[in-house]
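Asker: Sharing a structure with you now.
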Amino acid sequence: MTFSKTRNKIIFLLFLIIINIFNINAYIKDENEDDLSLLISTLDGNIYSFNYESGELNWDLKPNGGDSLYSTSQFDRKQQQSTSTSTEITKSSPSILIPTLDGSGLLFQYSNDRLHQVPFSLQELVNTSPLFLKELEDKSSTSSTSTTSESSKDENKVTMFIGNKKTSITVVDSQTGEIIKSMSKDGLWLTDEDDCPVNIIPDEALMFTRSDYQIIALDPKSGVEKWNLSVGEYIPHSTKSFYNSEISLNFEGLIEVASLSQRMYKIYIKKPEKTVVGISHNYWEHILTSSPVSIYAYSSKKHILKKLDFHRKVSPYSNSLIPVASTDLMIPSNFDRTFMFDDYYGQLFIVSPPSNNNNNNNNNNNNNNNNNNNNNNNNNNNNNNNNNNKNNNNNNKNESDKSNLTPLTPYDPSKPNGANNNNNNNNDLLDSNKLKNYDIYLYSSIVILITSIIVFIRSKKNFNLINVNNNNNQNNNQNSNQNNNINNKKTPKKKKKKQKNKNNKNNNDEDDENEIENYNDNQNDLIDEFISTNSVIQQQQQQQQQLINSSNKINNGSGKIILDNGNVKIGKLEIITNKILGTGSCGTIVYEGKMEGRKVAVKRMLSQFVKFADREVSILIHSDEHTNVVRYYAKEEDDEFIYLAISFCQKSLDMYVQQTLSLQISPTDSPSIQSSNNNGNGNNGNNNNNNQIIIDNKTKQMILELFKGLEHLHSLNIVHRDIKPHNVLIDPNNRVKISDMGLGKLLDNDDQSLTFTSDSHGWQPAEYLNGTNRNTKKVDIFSLGCVVYYLLTGAHPFGHRYNREKNVLKGKFDIDQIKHLPDIHQLVHSMIQFEPEKRPDIGECINHPFFWEVHKKLSFLVAASDYLEFEKPTSPLNLEIDSHVDLVTDGSGDWWLKIDQVLIDNIGRYRKYNGKSIRDLLRVIRNKFNHYRDLSPEEQTCLGILPDGFFNYFDLKFPQLFIVTYLFILKNLKNDQYFVQYYY
């Protein structure tokens, strides 16, 4: 009876708890049903309002025509000066000014591969206009000012800055997005009403103020404009004074913006689980046509109007929009870049300056009361603040930044709930006090529920145990004695040292205790073994160090000291003679060594080749600051040899490839040469071989690093002339480095070719071998193309060792092993052309689509389809691209034969497509991409997820389609404004 009553009470308690939890969920759901929305302003001047819970678009508008928030003439001027790639454009002189678009107004000057922060913000330049500044020096980040009456010797370098600020106002209905009233930048209201806007707008209205800061750089002598730059920002305001909420907000969700292409940005909103109780989906996403600049949370019911932080995800190749040279080449391979760049139709801007990378969001949250109160003051009195002097601006700059802006912090996907690297969250959209009560109530209920279940199970177990071991109508004393008898039974695993607590535990407790004791004993044994092993290792290290320190040094009279351990000490270098890293021509040997405690590679060369060593040292000094060129540390010499201390590398590229071939490492470890028994291309028809080369990201990165290293040498007018697998090294961080520039030569400014013969044959082009003295930078392009093919296949494109030179002179090569990889096949094919003028330069190699991300390739195909759509079907362009239909369809001549039936049933439903037209195939890709969300689940499953799965579907069906389209646009429309972003 006792157990029955207890069980009934527990069941009743569980019933109450379950009802209570449902009430909590309903309460939270009711609280979440509000008008919370996200206000997003984009770089093209648009404003969007999304419902925070559902992700539905409430409205979008273009105030004042939707002019872009950023424009500059700097990059147009540079494109006129150079027709090279975008990387080369930014390198050319003079320097350029790059703004940040986070509202801080910070400006950075890019000059000679360096970024310097300008000591004046954009607002300060406008407020102090006119301003006379000297151009920044190459190695300095400071600028000096002068008045109009000053004159100096560097008068030609002085630039006059004229600035102005224009403000416009747009009053919007926050529910519908309808523009109620607006004021232009000239101060004119664009409605017929004469009332003050505060008197005519409803309570639910929002007022967007747009401030545009423009600076114009002029030549003070001639008055000619050098360039101009304009940056604007939208700031929303509410007409309700109580929107300055004093509640500290803690947004634990994630707002992430991913750059898909120049015209496509995906905004991803992930909401925290506790704010969406009972809802299966806690995230949503949208594609925007321009980069988001600011995001605000707005709710009229909760009186929220707060600027939110969001994380940006930029492709690694997007960071190469502007090269920033490293000042320390010994950095780890997984370092994070300080700056994140993006561009708007070729105009660079910074989305994440270093000042925002380490900010702590807790400061923003903890000081929210004061900051919120200061927000409207700063915004409403912006014009008054602009009239302050320069000193006041400098003193108040940090405070205003903190009050108006939440910092952009890099997103770490390894941390839960989108927390940033500082373990801090963004601003919350819920009342933290209410949320705290929800948590306490919910968590306490769960704890009670779990505790009740445990009590119920243990009570039932004890009750059954008593029934088995007692007769009916036994009294409490008998029950107690019986329980003691059961507990006094010993188990085989019971240990004696727990005897004193034996009577207070049942058999199950004893088993658990034994397992814990056995586990602890095993852990103690492992710890003892580790301590013992560690002591032995430390003892061996101490003995080795004592042996080195106490060794008797023998001086052989030539500046060389032989240590007792057999190592050779010469100058600052210690050479480990029994560790040979490699050998070279002319008696060259590379040893492992040490220099001032740093592990280095020591290259020993015969003194008679000192001329080559001096040339190599000179080139290494010039290329000292690049991660993909071997770094020079020191040079020592004795009577016989010259010793060069260079970056320590574990192996050469030749050793790497040979080890991969001999070991046949698994696909996860072997990045370049692998077998594939399943080509996974369906009816593709192009990859039918069982053994095919597979290229993963590691191999692609190695090839890119090779190109980057050569790009650095060529930027210094250095021609290597001896690029081969033996002269490409791999360091402990798996970075590729170009070495052995002993045969290189530094070209003079007016000298574009050189005449010098090398003993390394088989990797040089025909013009080098036949002695025509046309050895320009294209020599290195040819050699690098051969090295890339060797990295991928382990073979040489011009055949076996003894036939290579003959085949090179004939222009006879075979690269069919990578024919199933059209991108890299076309790149290598162009690099090893017989005629030097047909080979690309190193900038074109780096910008080749082989290195493009999937989303960029997909964007390119869509752009090509957009352009060809406006051409007549019989136009020369459409006729030319359609002539490649046999190549694209692998000889079938009709792309309909390769499309899956589920797509065929849908494609022909709306319009007719010609299976013999490449233009129509591109149209299919464009339409399916633009209407992907409208496709049926079967079609989405067939095509795969955007963008990777979608692109791979068509790439596997038509592996030649992309490269054919790329070469077609390259030939006919390369300089068209529609495609210039892809080629420069």
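Positions of Cβ are set from backbone N, Cα and C atoms, glycine also.
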Asker: Look through Asn228, Asn549, Asn697 and state which residue has the annotation N-linked glycosylation site in Swiss-Prot.
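Answerer: So the answer, going by Swiss-Prot, is Asn228.
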Asker: Test of record reading: of Asn398, Asn404, which one does Swiss-Prot tag as N-linked glycosylation site?
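Answerer: Record lookup in Swiss-Prot returns N-linked glycosylation site for Asn398.
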Asker: Please give me the CB contact count at 10 A for Asp722 (active site, proton acceptor), counting all chains in the structure.
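Answerer: Summing over all protein chains shown, Asp722 (active site, proton acceptor) has 23 other Cβ atoms within 10 Å.
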Asker: Along the topological domain 'Extracellular' (27-436), what average pLDDT does this model show?
Answerer: 62
